[in-house]
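Before any comments, here is the structure.
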Amino acid sequence: MSHAGAPQEMSARVKGPLTGEAHVPGDKSISHRSLILGAMAVGKTTITGLLEGEDVLDTAKAMRAFGAEVSRDADGVWSVHGVGTGGFAEPDRVIDCGNSGTGVRLVMGAVATCPISVTFTGDASLCSRPMARVTDPLALFGTQAVGRSGGRLPMTLVGAADPVPVRYVVPVPSAQVKSAVLLAGLNAPGRTVVIEKEATRDHTERMLAGFGAEISTEVTEEGRVITLTGQPELKPQAIVVPRDPSSAAFPVCAALIVPGSDVLVPNIGLNPTRAGLFETLREMGADLTYENPREEGGEPVADLRAKYSPDMQGISVPPERAASMIDEYPILSVVAANASGRTEMRGVAELRVKESDRIEAMATGLLANGVSVEAGDDWWIVEGAGPGSVAGGATVETHLDHRIAMSFLCLSLASQDPVVVDDAGPIATSFPIFRNLMEALGATFQTES
Ligand code: S3P
């Protein structure tokens, strides 16, 4: 599913401070995994707090197409009757993953060791993104893939009828690749080993253990060595999805740059493999506190309080932190533009293969709105001129990328003239209540068409 209709131009302003509580939706990464693992378990998994964004709804549809029963019982409450590891049936239609790289790559992994053929497609953004990073390791199990040139969607996977376990060193820091290999390994006999040199989000490992799989992680000289024993019977779970730190980033960062703001964002998942942005903001001098830290459903959680922070300074973000905040660089650059001095972001080549080329999209949009930016292959630098310094006034292209759209709408809240985004439609992929939530805090939105 792609968000339908004509592009929706939009800008955002404030009349005063942003104040109040912002209840952001469930975590996107955990929501996809809940549906997929629920569909691979035997029996009924219940999921509370599922993100009902387009990306996740596309994964729910895919699970139905493979024979799992997936139903929505109430707002955010879903149940999945799984068909067991290796139990997926061949779908009678093309699987459309919309805008979601996570959806398509994880689902490819989950079907790769089932004896079925599946054709995948997506929207223009997803059809331009690299899939070989997933189909290369899946080929080691015996899976065949035929797609367009450059390993792009649409693509057909022929699952391995007689899969063998694999040992794979992930060549790029990607939780999607790691997870695809682990999900494929579930239906291969013996032990599948995945090694990552840099730690990426570990929701798949945590959830596999929760579903009863035998999985262990060891930190060695090679990196994180994850060993999974194949063909377990996954036991259905009652999952409570924590709220998404990547969505929380928008109201948090908006509060830091809008004068007088004080916003509480409750129940945010703060898994260390995801919380790099908040650490970075605190190092910049943000007034950002973790209240009531606790553990829920195996994940660390806290309430975030963000207050207007006029004294933030630019910093060099440690490259080894990149994986833990990879989706947050666009909104960090908006904060950096309102801080004083240089913010250097290095070791971020992966930003070029997200829903858009995020270095290009942010650098172009920031420059057009009067911010000084320099960019190279795997780095970019934003020269902040302090609170309220951004001129604004330009329209930016969002390239079907929800996070680019939300980042520039947040910039617009603190710029001298409004910043206009050419299409706010993709926000529905990850954060369908973004506009309502920001309005409740005090923002106003103008739609231009
Ligand atoms: C995700 C992993 C990240 C991230 C994406 C969600 C996941 O991608 O950008 O939004 O849920 O595994 P990579 O693992 O490719 O970096």
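The backbone N, Cα and C atoms fix where each Cβ goes, glycine too.
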**Message:** With LYS28, GLY101, GLN176, ARG358, ARG403 listed by TrEMBL as phosphoenolpyruvate-binding, which of these, ARG129, ARG148, ARG201, is given for the same site?
**Reply:** ARG129
**Message:** Spatially, and counting Cα to Cα, which of the recorded positions is closest to SER29 (3-phosphoshikimate binding site)? Options: ARG129, ASP327, ARG403.
**Reply:** ASP327
**Asked** Tell me, by DSSP, whether ARG33 (3-phosphoshikimate binding site) is helix, strand or coil?
**Response** helix
**Item:** Closest of ARG33, SER174, ASP327, LYS354 to GLY101 (phosphoenolpyruvate binding site), Cα positions, recorded positions only
**Value:** LYS354
**Message:** I'd like to confirm something. Which of the binding-site residues, ARG129, GLN176, ARG403, has a Cα closest to the Cα of LYS354 (3-phosphoshikimate binding site)?
**Reply:** ARG129
**Request:** Taking the residues LYS28, GLY101, ARG129, GLN176, ARG358, ARG403, which the record names as binding phosphoenolpyruvate, find the longest CA to CA distance and state it in Å to the nearest whole number.
**Result:** 19
**Request:** Looking only at the domain 'Enolpyruvate transferase' (15-436), report the model's average pLDDT.
**Result:** 97
